[in-house]
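Q: Here it is, the structure, as structure tokens.
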Amino acid sequence: MRMQEGYIEVPGGRVWYSRVGEGEKTPLIVLHGGPGNTHDPLKSTLHVLGDDRPVIFYDQLGSGNSDRPTDLTLWKTERFVEELACIRQALDLKEVHILGHSWGTMLAAAYLVDAKPEGVQSIIFSSPCLSAERWKQDADRLIEQLPVDTQQTIATHEEQGTTDSQEYQDAMKEYYKRHVCRLDPMPTVMTESRPKANKEVYMTMWGPSEFCPTGNLKTFDYTPQLHQINIPSLFVCGRYDEATPESTGYYQSLVPKAELHVFENSSHVGYLEETDEYVQVIRRFLQKAESK
């Protein structure tokens, strides 16, 4: 499969991209999570979709192979929306499908609602977070299912502002192995991409852990605007996902042309936990969207 890589100038620096495949079908652009993670885990699964269309992966500014500026004012949703527009323009992506995962769904929603771009044929919200407050409420409920001592550790360190302690990190792992990735051992592509992630971006925009939003995304809520998304839409999540099936179904109910799929043996990274089914569901949705 043909692959093209390069850099694109965006507000704040250069971002690295990889274009896989050259089929005639509409390109798919993939927005990774974090904020501050990398494209690698998603590409390890979704590159196979390049057999009949170009699939574009990129590392958002600050992470992976992209420039890592230290200016904290760059880490805001509006700039990431501009970045996505720049990438589409640079690669001449007049028509696209978009797949966003986790934070990538926040970016996708902001892009669709605020930038009102032309040429987006469909949108896939993978393990979505479209209301930070709702995410926090879900996380609080999931934490209540952890061992009592783990719950107490989380509460104590968040109250005392000592979330960088080893105790808090260990408690985080208990939550993550239930609701982020249930595979044991953790897939190599996840462990190897960690050093390329950017904790500063994550802390500035989100917070010290998945269940403690304290950054500038803590007030993020696009649920009132979801009805404006009037293109074929797919919402997917795992049965044990921190992006819970209940909340994912709620978001789906607010979007006019939306469907829902739950991966029964997955948490937050269904694309790694149930790879074959994930690819099958995405492929089927894209074909359906293109047949309309």
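Keep in mind that glycine also has a Cβ here, set from the backbone N, Cα and C atoms.
According to Swiss-Prot, the protein has these features:
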type: ACT_SITE; residues: Ser102; note: active site, nucleophile
type: ACT_SITE; residues: Asp241; note: active site
type: ACT_SITE; residues: His268; note: active site, proton donor
type: DOMAIN; residues: 27-274; note: domain 'AB hydrolase-1'
Q: Taking just the CA atoms, what is the gap between the residue listed as 'active site, nucleophile' and the residue listed as 'active site' in Å?
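A: Rounded to a whole number, the Cα-Cα distance is 11 Å.
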Q: Using Cα coordinates, what distance in whole Å links His268 (active site, proton donor) and Asp241 (active site)?
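A: Distance between the two Cα atoms comes out at 5 Å.
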Q: Please give me the CB contact count at 10 A for Ser102 (active site, nucleophile), counting all chains in the structure.
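A: Counting Cβ neighbours of Ser102 (active site, nucleophile) within 10 Å gives 27.
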Q: Hey, which of the active-site residues Asp241, His268 is the loneliest by Cβ count within 10 Å?
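A: Each of the active-site residues Asp241, His268 was scored by Cβ atoms within 10 Å; lowest is His268.
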